[in-house]
2 protein chains.
Amino acid sequence: MLKLKKISNGRKNVEQVKELLDSRSGDNLAKYRETAAGILKNVQKNGDLAVLEYTSRFDGVDFEASELEVKEAEIEAALKEVDQDFIKALKNAAANIKDFHAEQKDKSWQKQKKPGIITGQICQPLKRAGVYVPGGRAAYPSSVLMTVIPAKVAGVEEIIMLTPPDKEGKVSPVILAAAKIAGVDRIFKIGGAQAVAAAAYGTETIPGVDIIVGPGNIYVSMAKELVFGQVKIDMIAGPSEIMIMAEKDSNPAYIAADLMSQAEHDPLASSILVTDAPELIEKVKEELEKQIKEMSKKDIIKESLENFGLMIEVVNQEAALEMINLVAPEHLELAVKNPFELLPAVENAGSIFLGEYTPEPIGDYYAGPNHVLPTNSTARFFSPLSVRDFVKYSGFIHYSKEALKEASDDVICLAEGEGLDAHANSIKIRKQDQ
Amino acid sequence: MLKLKKISNGRKNVEQVKELLDSRSGDNLAKYRETAAGILKNVQKNGDLAVLEYTSRFDGVDFEASELEVKEAEIEAALKEVDQDFIKALKNAAANIKDFHAEQKDKSWQKQKKPGIITGQICQPLKRAGVYVPGGRAAYPSSVLMTVIPAKVAGVEEIIMLTPPDKEGKVSPVILAAAKIAGVDRIFKIGGAQAVAAAAYGTETIPGVDIIVGPGNIYVSMAKELVFGQVKIDMIAGPSEIMIMAEKDSNPAYIAADLMSQAEHDPLASSILVTDAPELIEKVKEELEKQIKEMSKKDIIKESLENFGLMIEVVNQEAALEMINLVAPEHLELAVKNPFELLPAVENAGSIFLGEYTPEPIGDYYAGPNHVLPTNSTARFFSPLSVRDFVKYSGFIHYSKEALKEASDDVICLAEGEGLDAHANSIKIRKQDQ
């Protein structure tokens, strides 16, 4: 019997939901941060030497520096080794992801406000991006597509991938295949905080990058936080969550399946149903009992659902939407008949799945929008990973002699008002010459 | 006699320039971070009570909670008290800034890839923004315009300003005037790490926000870093810098004036001339000696120029541009005859000033592009403050029953390939029903 938490109605319950979600975050990160900081320092100072040492210690592989990079032959072999249906599915997914992200491209522009005054903004891709891919069972080829393709679409010149080797010094063939399909330029067998350090500072073998993206363990996350400012990073991902909004006639079997698909990721994942139909909650519970038996990760699903799952009963759809906006979930399914009618009322959510035939996995793998999303209520202000993360902007200004003259008095007045007379002088000295 | 550093040519000199810029950053931040963390914790726990205590201790003002917010009458009084030419200049600047930032607005979109498949992206403003404005002599009305207007243009519902009171419990009238002109909704007399804490967590009096922007002292910066993730923040600004690229016929008086206008900000500011004309360097030096005498901040200018100023001689324009791109300066002046010809070669710079009649102060105050810029070589990957900082995105997906059926095999294959069978189940259970 699954023991599921249930709450009903009322604005104050939002606090309960937030507390539940927050309780997933560990708060004693100091020791991980310290370890990561030590690794960063060592790699910054000793380069490849330090990287090889850590690779030996943490991954159990004794590499020469020249063995850090994956060779073209390994990639070709991987592409043959991997199941061809899987390759085909990856390629179809990659095409959809590319197609969606292409719409996010921004352009440089300039405008002439009046004769002699031009202002504008230049949008350029970052030069080099580093994509981290965890090893072992957390190595998801879908995440390779989701992190690499936006960089590729942005026009990043060189994309390097960093991923830890297994005990035999190899990288999983599906990861190599996904990297090839997504368009990675170079792949290095290096993981953990040492990978983040190498990419941030550069070593003899590993080129320094401008941005590091992708999920990793706690050491990787800490290292990313610590190198932020030295390079750009994407968000620090917390445990994952889904909220499903459903109504009386929603299909309980679908909802149960989708709650479980979130729960299987991690005992810390949170799966929440919110509905104005109390009878639906009971039906979903029954479906969960039934379906969980067949799941290979049933222990994780049970732990996740019992600790961080939640059934919320509200008075009406409006109350459900209010709850959703206050929680700001990473994933939101509107498993209702008319989801597009509700969409304008959704203010805070990372990715929104509309209708009963749009389960989260179609977005996790396939439809095109990114699956790297703001977690833990940060959809209030953070955004999905996108092409925007891989570009940067410069402003520019041109004033003619005459235009400057016309603006002179205002600018001098402002500069002097702020007590910055060298600023005023820079305008005055030009005005004098006129 | 000013003692100016000079280097010439050669790619390896870029390292010297970078070391010079880096040497401005203090590296022992731990104790500031600890102090800020303590303040954050106290405000999070004790709300207004803690805020009032810190305001008494650090600002020397004993407020009641009801006195924290600036009253409408104070703002009206300020608008009358401030010099009317200054008000007019601020309004003209605000109009230009608004005009420029309006071009940065992004739209939501959706597309129907084929019948039954809709994907899209929603762009929405953040709900509430907090703008920090330092007190005392660092209180710049121009920075109020530059931080508030992008939020306003983005459509942020409520913009609150946080600024420390002076000893009399007042806020500078020019700051209040700028806030009014820019469109701030509420102003609170609260500074330091306690202001950041109050805005991040909310107190009885101060509403919690979604983003905190604006410069501040080291405690403010540390507090912003620490609340990042709880809210969004803009960049952590380091010391400021300018690079001026000039040629044989460039006007040395203008260049000297512009180098000084950067230098007067801060002894840690860095002003760099890069040119292929050695004779120009000598002329600029002479001009500096001449003009510095008249400057009210001549001591700061001297200290900045001697410690962190630099004259760089290169072989040709190409070498100058290479140097610029490797340094990635916050401000770049192309003080040459044909600046637009060089613009496409500029890869890394926060804001670019084109031609001899476009000195940095026209951008600092007036032209429209933002003056909150990435410092210390981070223009390689960071961007000026913009409307983009005040919005967030959600992805969305809709698949019809038929469209899902068509995609089913691919998605099931990918999910099973990653060992996530609850994901596969969520697709299969819908496929069965068809």
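Heads up, the Cβ atoms here are built off N, Cα and C, so glycines get one too.
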TrEMBL annotation, substrate site containing A:Gln262, A:His265, A:His331, A:Asp364, A:Glu418, A:His423 - matching residue among A:Ser240, A:Ser296, A:Ser394: A:Ser240
Sorted by sequence, non-A:Tyr132, A:Gln194, A:Asn217 residues with Cβ within 8 Å of centre, NAD(+): A:Pro134, A:Leu162, A:Pro164, A:Gly191, A:Gly192, A:Ala193, A:Ala195, A:Val196, A:Gly216, A:Tyr219, A:Val220, A:Ala223
List of residues, in chain order, with Cβ under 8 A from that of A:His331 (substrate binding site) and at least 6 apart: A:Ser240, A:Glu241, A:Ile242, A:Met243, A:Gln262, A:Ala349, A:Gly350, A:Ser351, A:Phe353, A:Glu360, A:Gly363, A:Leu373
Members of the recorded positions set A:Glu330, A:His331, A:Glu418 whose C-beta sits under 8 angstroms from chain B: A:Glu418
Rounded Cα separation (Å) that holds between A:Glu330 (active site, proton acceptor) and A:Tyr132 (NAD(+) binding site): 21
Assigned element (helix, strand, coil) containing A:Glu418 (substrate binding site), judged by DSSP: coil
Same chain, 6+ residues apart, C-beta under 8 Å of the C-beta of A:Asn217 (NAD(+) binding site), given in sequence order: A:Pro134, A:Gly192
Intrachain C-beta neighbours of A:Glu418 (substrate binding site), sequence separation six or more, cut-off 8 angstroms: none
Fewest-neighbour residue among binding-site residues, criterion Cβ within 10 Å, set A:Gln194, A:Ser240, A:Gln262: A:Ser240
Cβ-based isolation winner (fewest other Cβ atoms within 10 Å) among the binding-site residues A:His265, A:His423: A:His265
Sparsest Cβ surroundings (other CB atoms within 10 Å) among the recorded positions A:Glu330, A:Asp364: A:Asp364
